[in-house]
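Following: one structure in structure tokens, then a few remarks.
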Amino acid sequence: MKSIEFFINLFLSLSAGAGGWSPLTSDRYQWLEVDLGERTKITAVATQGRYGSSDWLTSYLLMFSDTGHNWKQYRQEDSIGSFPGNNNADSVVQYKLQQPVIARFLRLIPLDWNPNGRIGLRLETYGCPFTSDVMSLDGVSSSLVFKLSPGTRQTSRDVMSLQFKTLRNSGTLLHIEGEGGLGLSLELERGKLLLLLRKGSVKPRRLASIGSLLDDQHWHHLAFERRSSHLNLTVDKHTERVQIPAEFSHWDIKQGNVTFSCAEPVSVAVTFPGPQSFLQLAAATASSSGGVSIGFQFRTWNKAGLLLTFELAREGGMVWLYLSEARLWLQIHKLAGFFWFAGSALNDGQWHSVELISRRGRLSIAVDREDGGSAQASPSFPVAIESQVFFGGCPAEEDSQQCRNPFNVFQGCMRLLTLENQNCTTTCRLTCVESMTGECSPSRCEHGGLCSQSWTMFHCNCSDSGYSGATCHSSVYEQSCEAYKHNGNTSGHFHIDVDGSGPIKPQLVYCNMTEETTWMVIQHNNTELTRVRPSAGVNQRSVHFDYSTREEQLSAAIGQSEHCEQELSYHCRKSRLLNTPEGSPFSWWFGGPGPGTLQTYWGGAQPGSQQCACGLQGVCVDPQHYCNCDADRIEWAEDSGLLTYKESLPVRSLVLGDVQRPGSEAAYRVGALRCHGDKNFWNAAFFDKETSYLHFPTFHAELSADVSFLFKTTAASGVFLENLGIKDFIRIELSSSTLVVFSFDVGNGPLEVQVESSVPLNDNRWHRVRAERNVKEASLRLDGLPVATQEAPADGHFRLQLNSQLFIGGTASRQKGFRGCIRSLQLNGVTLDLEERAKITPGVRPGCPGHCSSYGSLCQNQGRCVERANGFHCDCSLSAYTGVFCNTEVSASFKSGTSVSYTFKEPYELSRNSSALPSSIYSDTTLRGENVSLSFRTNQSPAVLFYVSSYYREYLALLINKHGKGFLTTALNKFESFSKGICSFFFFSQIDKNPREDFNLTSDGEFNAIKSLVLGRVLGSDDLDPDLARVASIGYTGCLSVVNFNSISPLKAALLHPDTSPVVITGPLLQSNCGSSASANPYAAENTHHLSDHSGSVGSGEPLVNAIRTDSALIGGVIAVVIFVIVSGLVVTARFLYRRKETYRNQEVKGVKQEDSQDFPFNNQTDSQNVSCENPKEYFI
């Protein structure tokens, strides 16, 4: 009715000379409808304001239809619904449709207009007539079959296209017969189009799924293109590429029983897009029989919303039928509340039928008839309609008593509405203008993320996909083992994603991180030495290797590595290998991408040489041959080496030929693939001027874009990256010393995402930036700070259209350039080769040194960071630890007979001039202080943990007494030329997690000319007093770990460098992980104690009294002790020093014998502050 009124208004306006259409009322309920008389291909529309007025549109919607009843909205980019209008009454604004529309009816709906005028419009459409053959299929017996004429030449390409529309959500659209009983079917299922592979009665296999809501009675374009064994299936604008069996070399189709016309259904669906949408049915159509009979179908993506409501007749009260948690609920509010529910998962976007019937005191509600659920009740009052029925929501009037909605509004579609079995389509007062869309088909979620949606938005569940973000775009894994190392990780299994956000899926590898190199290890199905024996009738033995990663993952991992290698070895007896020097090889292997390329060289040799390593080096057992095995000897021989040419890796298969002769025996081994280095991770460029930049081809990322890189600088600002379009752009910059800004424009106006750091970013240390933009949101990450996000407009442009060059380190205007380093720059998972481009660009240098300022803190336990051209490594030579970050404990299990003796250099002047001071000549044997740390685990007491002796018969020992307490004992002897004076002995300790305690003891001199350090059993201890010597001779049984004496690590030297270190090992010494915290068992009798270095002031003067208490004689846990000794003394006369020395030795022996125990019960001192140099005692730690 309104369209007739609008056409009249238009006619009157033109006859009056005003020139255009202007409705009587200017609101969003108006429209202008154009009947083109026949189906037309519409390519463009143009608008103009009403002539000589202030009336024009600033934005509008376009709808189209074949029947004038069933309308569909035209959308730009599948998102933008509105078109830009005019800004005056005279200019013409033309919009060319990105996708032409084929329709008979066109409807324009005003959205906004000049606020100082009214709705005014002059409209013109552009297009051409469209004719096509149509047919109608009844879904029962009708079909169309076409058969190629005899003799038709078969081609490698077949194309079929058609358009279809339907109200049914299931049915076979197309079936193709192939050879061997195979068939391809295109079938609708739940409104989606499925491509199925059928073979007899076997369950069909799904090859592809495409489209959504295809049962909306609108035309959908289908294209079906075969290219050899590949098929491109296109529905509307979305294409899926699948591989089909070779049996489908051509298609057979022939004509059958069809109707060449297309009947349009009378009923159409209506859409409820938002909070102001509702459908009101007047009371005139309501039943007067005292009952209710309502039926309809609905579909929605939302879990909640009001479907219908009405007021009860005569009795008062309200009835609500609504969705909650995707289930259908009926609530009747009269005196008390009554509730029923039925159905489940009703928000799947499919059509669901609902019937609400009240007759003769019985109320029933049914969903989807037989396939759904139902509920019945017998209320004590009649259920009848008072006056109005409201579908989907209520009017906007706040004082409406007939309609109250305490629930969410309904957003979705309804059709086949009936009241008392009468169709109510022509009685609907509809205020909505949009149509229902499926956001999840095709899915906007990437990398296998699961898509779900509501009416207004979609959500991606990225669990178990290995990716994150609003669309599962960004990988949660690093791209190499090298990257994991620089995050502080040590050896272990890791997922690596070699192309980041690209199509290659993550793969699980082992990262072996050593002090020098970080190896990526990829295993295959047989890395063991495998024996081959002769078999009857078998002349060759072929072996294939299956790797733990996919082909594309393997190739990408090898490609980005700096070096790869794989061991290839052959053990032989009477089994020739390559038949060198000039014969045809008996054995060969295949390596490289895909199935591999035939290779006739062996490990350690050059490609194409048909040699083994011994031939290349000239050391084969028979100089006449280039492989040891080719000598064909009866004795076992071996040819082995590393394959290092990446183009030939990995080894795919192995063919062994000379294994069939009597007496022939052989064994082969193909090791795991090992690679190190990451060319992408260290690819860097240094920009030394604000006007310098690198340029690359345009960044094409219409729907999703991610940019990641590392930078370091001393400048306060600069642009990292910029790419421009006609209007669109993308830019990432350092806006200030603490602020990184990601800005872009996709046609909706500029948007910014910012992350601010609490510390300056121009500190010349590496910082990581990750920016992402997709159809749902934009995000920015900086180092480990919280991610910042900016949602995309709900109804706006989302395609980023760029056309200029991509600028790195600067801008097209050469202003606000970046000064500093940019490294590992990746766009959508593709690394830009900054170094190669920098070599030919003035003002930019390849590479960027200086990594220890950023990664040096990863080196622990006195490890030293050493710079490399590409990265760094931790030098652990001065640490008692080992490993990639000097944090791996070096531990060993000791037996009672185990002894490790580390010998220090003999002082040169000591042997030539005994009166000379050793400390003035050889500083490493005369010390002003001792720094000792170690960890141990034992159940032995008493025991000596370590013992240090000097050339002057002085010693220092750390012991455990019979009570399981730590104990330090010393004996210091001096030259007679020293003069008398007061001496002091300071040290502090922290044991386990107890508070640190400082101590001030006394001593009589320095610890001079150190001779040796002994761990375990002390051999040749004649210089010790008898009781200490007896305990030292018992030896030590237990675990020692990370032993450090000043800068010497004797246990590490004995275990890792026994041939190059001055160590002597006696008895069994086994390296183990007994000292690590992971190996400690809290329920065992043995625990671990750590002695470690702590900083702080020394000399508080407090005595060391009962610093550790244990509940058992079994020593457990971790003791951490640092002993720092500062010894100073005044020189005394030689005679007086000699007398004090004799007194010291006599009193020491007496002190030791104070107890009668035979197991050397060390004395516990309770007051050490007043001990003088004349009466030294032992003190436990």
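In case you wondered, yes, glycine gets a Cβ from its N, Cα and C as well.
Listed in TrEMBL for this protein:
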DOMAIN    1-128  domain 'F5/8 type C'
SIGNAL    1-20  signal peptide
DOMAIN    268-440  domain 'Laminin G'
DISULFID  Cys413-Cys440  disulfide bond
DOMAIN    436-473  domain 'EGF-like'
DOMAIN    472-524  domain 'Fibrinogen C-terminal'
DOMAIN    683-848  domain 'Laminin G'
DISULFID  Cys821-Cys848  disulfide bond
DOMAIN    849-887  domain 'EGF-like'
TRANSMEM  1113-1138  transmembrane segment
COMPBIAS  1147-1156  compositional bias 'Basic and acidic residues'
REGION    1147-1171  region 'Disordered'
COMPBIAS  1160-1171  compositional bias 'Polar residues'
Same-chain residues at least 6 beyond the ends of the domain 'EGF-like' (849-887) with a Cβ under 8 Å from one of its Cβ atoms are 482, 485-486, 488, 490-491, 513-516, 518, 677, 682, 712, 764-766, 933, 1042-1044, 1047, 1049, 1051-1052, 1056
Across every protein chain in view, the count of C-beta atoms other than its own within 10 A of the C-beta of Cys413 (disulfide bond) is 23
On a count of neighbouring CB atoms within 10 A, which of the disulfide-bonded residues Cys440, Cys821 is highest? Cys821
Is it possible to list how many residues within the domain 'F5/8 type C' (1-128) are helical, extended or coil according to DSSP? 14 helix, 63 strand, 51 coil
At the level of the C-alpha atoms, what whole-angstrom distance separates Cys821 (disulfide bond) and Cys440 (disulfide bond)? 41
Note down the number of other Cβ atoms within 10 Å of the Cβ of Cys848 (disulfide bond), including every protein chain shown. 25
Determine, to the nearest whole angstrom, how far the Cα atom of Cys413 (disulfide bond) is from the Cα atom of Cys848 (disulfide bond). 60
If one measures from the C-alpha of Cys848 (disulfide bond) to the C-alpha of Cys440 (disulfide bond), what distance in angstrom results, rounded to a whole number? 45
